[in-house]
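Engineer: My questions all concern the structure below.
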Amino acid sequence: MKKRIGVLTTGGDSPGINAALRGLGKAASGVYGMEIIGFQDGFTGMAQGLTVELEGSAFSGILTTGGTILGTNRDRPDRVIIDGVAKDATDQILENYKKLKLYALVCIGGSDAQNSAYYLMQRGLNVITLPVTIDNDLTGTDTSIGFDTAVEVAAEAIDRLHSTAISHHRIIIVEMMGRETGWLTLAAGIAGGADVILIPEIPYHTEKVAEAILQRSHKGKRFSLVAVSEGAISQESVRFFEKARLANRRLRQGEEQSEIEQRLGTIEKRAAGDTLHLANRLEDFTKLETRITILGYLQRGGTPSATDRVLATQLGTACAALIQEGVFGVMVGTRSGTVVTTPLAEVANQTKAVPLDHAWIQGARLVGVSLGD
Ligand code: F6P
């Protein structure tokens, strides 16, 4: 009997998802003779039984396309939104898996996909995942599909912003995605020759950033490019929240204390990536005109780079081979160019931050980039 596998994409989209689907689909159907059922819009579609039969031809012509042919959203099995109402759809998802007689479920995406897949694995499903996110924040893989493309897009943006910053003698701050990690900003910042790179792993001193910019001015360079992660946070903010937490622990107890603790966490997240505030402060310190560009979803859209297409094909096809061998409960990643698998238990609910001694950080410092510390 033919093995039937389900596949869905979940979480933020990323260039290379379709290339990964193609690699998986072509190998699974063409080489291993499996049947493939796609679910529309991630777990919402799986809960509602919204399926698409993916024949061999469905995987043609999508290697170079952006987005996901299956659709996606941020829903989780225990929290899908149907007709505007959030509900726990775990039972429906488990039922549909059984009803469709699936041999395995492939979840493609970033941290959302890994967390949800682990959740379903614990409930007895044969799950396997592919790492696709521009953030590159997943443990268990050197790099994730989509990261290379996003770095290219962001680096090109910095290149373009350079000429206008030079012409107007301005500071231009470019804000990039990446959630709580600075991989994207660091790589794009280095590639684009940013003068300052601010990442969440290194809380910055606004004065030191301003000093670095003023030093450039004194050397006759009357412009500066600042690459900042959406999750970067200033030392001032870190100190403020530390004090607020201490005071909360001293003054309150029990439920009230944990409620305030939680609220502080939410406010702290909002304080991170306050690029407008950073721009105002830098303008005050340096007296140089300052402008902001938020790259946002540009980094996630469009055609994947050649490197991402190669990686997606390598991991997608490897995933099909692993299913054929009966390997489940893992994420299929890459280490030094070879395919590796990591148990979902070690990938879910983890974040791969940029290590402070990473060679990219050292390299950036050695070419004179200020990291704001
Ligand atoms: O996880 C990818 C990512 O692009 C992050 O870099 C960003 O913070 C987030 O998604 C944006 O999410 P959404 O698409 O839900 O607005």
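Each Cβ is built from the backbone N, Cα and C atoms, and glycine gets one as well.
Bear in mind that the values here come from a model prediction, so they are computed numbers and not experimental data.
Feature annotation from TrEMBL assigns domain 'Phosphofructokinase' to 4-322. TrEMBL lists Gly12 with the feature diphosphate binding site. The feature site 'Important for catalytic activity and substrate specificity' is assigned by TrEMBL to Asp112. Under the heading substrate binding site, TrEMBL lists Thr133, Ile134, Asp135, Arg170, Met177, Gly178, Arg179, Glu230, Arg291, Tyr297, Leu298, Gln299, Arg300. The active site, proton acceptor annotation in TrEMBL covers Asp135.
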Engineer: Rounded to a whole number, how many Å is the Cα of Met177 (substrate binding site) away from the Cα of the residue listed as 'diphosphate binding site'?
Structural biologist: 11
Engineer: Among the recorded positions Asp112, Arg291, Leu298, name every one whose Cβ is found under 6 angstroms from ligand 1, counting any of its atoms.
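Structural biologist: The qualifying recorded positions: none of them.
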Engineer: Could you check the recorded positions Asp112, Asp135 and say which one's CB has the most other CB atoms within 10 Å?
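Structural biologist: Highest number of other Cβ atoms within 10 Å: Asp135.
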Engineer: Give me the CA-CA distance between Leu298 (substrate binding site) and Asp112 (site 'Important for catalytic activity and substrate specificity'), in Å, as a whole number.
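Structural biologist: Between the Cα atoms of Leu298 (substrate binding site) and Asp112 (site 'Important for catalytic activity and substrate specificity'), the distance comes to 21 Å.
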Engineer: Could you tell me the mean pLDDT the prediction assigns to the domain 'Phosphofructokinase' (4-322)?
Structural biologist: 96
Engineer: Rounded to the nearest angstrom, how far is the Cα of Thr133 (substrate binding site) from the Cα of the residue listed as 'diphosphate binding site'?
Structural biologist: 7
Engineer: Which entry in the list of binding-site residues, Gly12, Leu298, has its Cβ near the fewest other Cβ atoms, using 10 Å as the limit?
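Structural biologist: Fewest other Cβ atoms within 10 Å, among the binding-site residues Gly12, Leu298, is found for Leu298.
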Engineer: So how many other Cβ atoms are close to Arg179 (substrate binding site), meaning within 10 Å of its Cβ?
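Structural biologist: The answer is 21 other Cβ atoms.
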Engineer: Given the binding-site residues Arg291, Arg300, which one has the fewest other C-beta atoms within 10 angstroms of its C-beta?
Structural biologist: Arg291
Engineer: Using only the Cα atoms of Thr133, Ile134, Asp135, Arg170, Met177, Gly178, Arg179, Glu230, Arg291, Tyr297, Leu298, Gln299, Arg300, which the record gives as binding substrate, return the largest interatomic distance in Å, rounded to a whole number.
Structural biologist: 32
Engineer: Please state whether DSSP places Arg291 (substrate binding site) in a helix, a strand or coil.
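Structural biologist: Reduced to three states, the DSSP call for Arg291 (substrate binding site) is strand.
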